[in-house]
């Protein structure tokens with residue numbers, strides 16, 4: 001079951017001024033909560049959110065992660081119009097990410113079970129990553145946020161019979177593997 005949690009605070013004025021609306025889950029229409037559709041700054045206190053410039057989760061989408069957005073240019077908008085938002089759902093709590101120094105999942109490997117905003121603080125001394133494996137019942141990440149120039153998603157799964165296409169048979173023992181070439 002997908003989890004949707006977090007907190008986002010929307011402000012009518014720039015730099016977190018004016019009236020505010022605190023949201024903890026899906027909000028399909030800001031006006032239904034007494035808040036106009038003018039949003040000039042946002043504070044994402046937890047979770048990741050997708051905001052829409054129209055009510056009912058329609059229109060242009062903006063993905064916002066934890067942090068402060070003091071004006072609408074910071075979330076790459078061209079106006080202060082916003083009508084709805086919802087947290088990004090994660091399909092489960094358990095995930096694992098492995099990064100590798102060499103191609104084809106060789107060389108030094110480092111495993112992550114939670115967010116790590118700075119790889120060196122997690123014990124990675126290298127200046128590049130050549131392969132990534134993502135395991136779990138739900139994980140979202142962007143290769144471009146890692147500086148990936150070339151991204152490949154492998155749809156094959158390892159089973160007792162060997163390599164099989166994910167669309168042909170359900171997963172038996174291994175999850176799909178995502179790799180990013182940096």
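Even glycines carry a Cβ here, placed using N, Cα and C.
Quick caveat, the model's predicted, so the values are computed rather than measured.
Features reported for this protein in TrEMBL:
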{"type": "DOMAIN", "residues": "6-46", "note": "domain 'Beta/gamma crystallin 'Greek key''"}
{"type": "DOMAIN", "residues": "47-89", "note": "domain 'Beta/gamma crystallin 'Greek key''"}
{"type": "REGION", "residues": "156-182", "note": "region 'Disordered'"}
Counts by DSSP class (helix H/G/I, strand E/B, coil) across the domain 'Beta/gamma crystallin 'Greek key'' (47-89): 4 helix, 21 strand, 18 coil
Summary of DSSP states over the domain 'Beta/gamma crystallin 'Greek key'' (6-46), given as helix, strand and coil counts: 4 helix, 22 strand, 15 coil
